[in-house]
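As C-alpha cells, the structure follows; a few thoughts come after it.
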Amino acid sequence: MNFTGYSRFLIVFVALVGALVLPSKAQDSPQDYLRVHNQARGAVGVGPMQWDERVAAYARSYAEQLRGNCRLIHSGGPYGENLAWGSGDLSGVSAVNMWVSEKANYNYAANTCNGVCGHYTQVVWRKSVRLGCAKVRCNNGGTIISCNYDPRGNYVNEKPY
C-alpha cells in the first residue's frame, strides 16, 4: 500500500484521537464497574453484584443534578451510594479503586474504621446485590462518579460480610 502524505497524517491523527478518547470511555462501562466491584467482593468471599438498569438510571439522574456545582452531596435516596470527584477526567474504575483502597482502614474483627472506610464497606456489603453507576463531567471540568447499591448497606453495628 502506498500512502500519500495526507493519508499518513490522517491515519496518525485518527490513531491519536482514538488513543486520547478511548481510555476515558474504556473504564466507564457497566462491565468495568462490575469487574472492580466484584474483584473486591470476591477477595473477602462475597458473591458478585449484577448491573441493574433501574439503579443505574437513578445514579445517572442524580449525577446530572450535580453537574452544575460538582459537589459531593449524597442524594438521600432509596439506595446505598458512593460518590467520587476528580478535578479532571476521573474514570469509573479509578473511583471504585479509591473506595476499595479504604480497606486498609477497616478492621473486620472489631467492625471499626481507623479513618474513612464506609465507601469500602458499601462496595463489599453482602446484601447489596444490584449495582448502577454513572459518570458526569461537571460544568467546571471536574468529574462526578456515582454508584448506587440495592439494597443499601452500611447499617450501624452490622458487619458488611
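Start at 1 and count along the chain as shown; that gives each residue its number.
Backbone N, Cα and C atoms are what each Cβ position is placed from, and that goes for glycine too.
According to Swiss-Prot, the signal peptide annotation covers 1-26, on the basis of sequence analysis. The annotation domain 'SCP' is assigned in Swiss-Prot to 34-149. According to Swiss-Prot, the feature disulfide bond maps to Cys70-Cys138, Cys113-Cys117, Cys133-Cys147.
Features as recorded by Swiss-Prot, highlighted on the structure.
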residue : record         : contacts (Cβ under 8 Å, 6+ apart)
Cys70   : disulfide bond : Trp85, Cys138, Asn139, Asn140, Gly142, Thr143, Ile144
Cys113  : disulfide bond : Glu102, Asn105, Tyr106, Asn107
Cys117  : disulfide bond : Glu102, Lys103, Asn105, Tyr106
Cys133  : disulfide bond : Pro30, Tyr33, Ala56, Ala59, Gly92, Ile145, Ser146, Cys147, Asn148
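Compared over the disulfide-bonded residues Cys138, Cys147, the count of CB atoms lying within 10 A of a residue's CB peaks at Cys147.
With DSSP classes pooled into helix, strand and coil, the tally for the domain 'SCP' (34-149) is 44 helix, 28 strand, 44 coil. Per-residue confidence over the domain 'SCP' (34-149) averages out at a pLDDT of 98.
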